[in-house]
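Student: Handing you this structure, nothing more for now.
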């Protein structure tokens, strides 16, 4: 019931994805061979079919599709700790690589492989009793995750128009750049995500580094540490689908509560408690502490500061044994104390949900998803970098050589700029704006 089909694409997506499966397997007591050996069968198995398909002999197989345009990352997943748990047919890869080129992923190399991926997606979807939606892990800076990822999203959109499409998208970082053409790839991807995705959880390596460095006190964070943070959040977002809870939410409820205008579906995510590995057993958590940490700007996993904008909506998902009353009080408290950071024309704009089962090794945890206008900082930054290069037509021949047209770049650029100004418009909007317009008009007539 209510299955979610997981797709991971490109190097980044596959690394995040495989970490996510480790976390989910751990929570459901599934060992690396796919057998159940947990300690509380009724809870762990009750809704295990959200993410797993039960195969013959009681093995649980992830509903995951893994795609890439080169075999490297897939090979390392296959030889990794949980490599044997995936269905072998669900690895779909090419040999050529996309070479950080969005056009290769979207139009040439990726387009050749996409039908093979869609076949696997169809096969998995047919195995579902009542498919709720898709979750896609990818980065927007490279070629495969961004180009082929968005191609797959638009194809799935065509075929399953009424299913939720949730993405975990790693944006290029402000200071740490992996490739020069990141702004191009990211802008072209956002152009697609605005139209074809329902909910985008925005992640960013630099913000994740900061969390690892500042809060978790890791001196040299590895991508493994970063991906661990992401997977904790991913697990939190879907926990109320997978475990019984007092206040449940699913992907659609999340969307209905978080998206006031269809294009503004890019969310900041946060997670609490963030503790360094050694000090986990020393913290006693209370709901107020969780709430405080969860709303902390330093906890946001993308490089935008929520204090520079206002929240249109937000959602807080708590896990563990706690009273719903206390959760409600804390959420209300946050809204009352920081009312200037919430738009006043959406009253009670924070949704909370409570799930009884905490993550492994912690008593309580919470996941935060917020729709804040300050995320425009991120789009604005990428857009400026895009414009700087596009004005000089730098690196453009790599894209036009794959058959792209400059027009598409111009469209993507203006779509991104529209998005920024939409966020700005709602940030400045007030509840009694209509009256102001009337007054202005009257003055015009008088003069």
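Each residue, glycine too, has its Cβ placed from N, Cα and C.
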Student: Which single residue out of 11, 44, 246 does Swiss-Prot record at the GTP site shared with 70, 139, 143, 144, 145, 205, 227?
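Tutor: That GTP site, as Swiss-Prot gives it, pairs 70, 139, 143, 144, 145, 205, 227 with 11.
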Student: Select from 392-419, 420-447 the stretch of residues annotated by Swiss-Prot as region 'Disordered'.
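Tutor: Among 392-419, 420-447, the range Swiss-Prot annotates as region 'Disordered' is 420-447.
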Student: For residue 11 (GTP binding site), what is the secondary structure by DSSP, using just helix, strand and coil?
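Tutor: Assignment for residue 11 (GTP binding site) reads helix.
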Student: Using a 10 Å radius around each Cβ and counting other Cβ atoms from all shown chains, which of the binding-site residues 143, 145 yields the largest count?
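Tutor: Counting Cβ neighbours within 10 Å, the top one is 145.
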Student: These are the binding-site residues: 139, 144, 205, 227. Which one scores highest on other Cβ atoms within 10 Å?
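Tutor: Answer by Cβ density within 10 Å: 144.
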